[in-house]
Amino acid sequence: MALLQKTRKINAMLQNAAGKPVNFKEMAETLRDVIDSNIFVVSRRGKLLGFSINQQIENDRMKKMLEERQFPEDYTKSLFNIPETSSNLDINSEYTAFPVENRDLFQAGLTTVVPIIGGGERLGTLILSRLQEKFEDDDLILAEYGATVVGMEILREKAEEIEEEARSKAVVQMAISSLSYSELEAIEHIFEELDGNEGLLVASKIADRVGITRSVIVNALRKLESAGVIESRSLGMKGTYIKVLNNKFLMELEKLKSH
């Protein structure tokens, strides 16, 4: 397969993934196919975001690492010493992707390390390994292009997380601001009583203890439920089961109480 065709294969993966959640496993598989090597996509903290094996390495420690999807902390930190692509590192390199305890089996093993950079910061590392065949210029072009694509996807995922956080917070703030003073007071007492994300509430008991009507509690819960912040379910004489759906709610409530 020519370089242009291989590049187009990476592009096709990008186009097919448009708008869908990031799938680093598929990315690793595509890079494995076009570069013909083992591929490991490693986050800043050593989490294995995706990997694909072209040539099996029989080693218990490696198997455990892949199962746990976590690279050793020391190795991950050392990768940050590589600011640009470092190719064809042998088994004696501290950056080798081969198990050094089986050095004799992997004498010809070669590793290439490509930093994943996006938005001016180091987001992770793309690691490629082969049992013997040297990584040529075309392989390195594809690896660096692949690392750029992975970096773009990591940034997109981060942006989506930030957006989701902001949306959750805004929904909670709107829901809380829709409550009257007495409803807000009722909600504060309810969640003091629950002491967590979910639990059983007997509205009449809280109403009697705090000195508010039961209807205030019911209205307050309805407002939060219609905003999608909580869900509630009547269990008859036992009371009402309440569960927090928006993880920003209790934090915002705590902030209000501390002011």
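Cβ atoms here come from the backbone N, Cα and C positions, even for glycine.
Here the structure is a predicted model, which means the values were calculated and not measured.
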From 23-42, 203-222, which range did Swiss-Prot mark with DNA-binding region?
203-222
For Ser215 (phosphoserine): DSSP state (helix, strand, coil):
helix
Which number gives the other C-beta atoms within 10 angstroms of the C-beta of Ser215 (phosphoserine), all protein chains shown included?
10
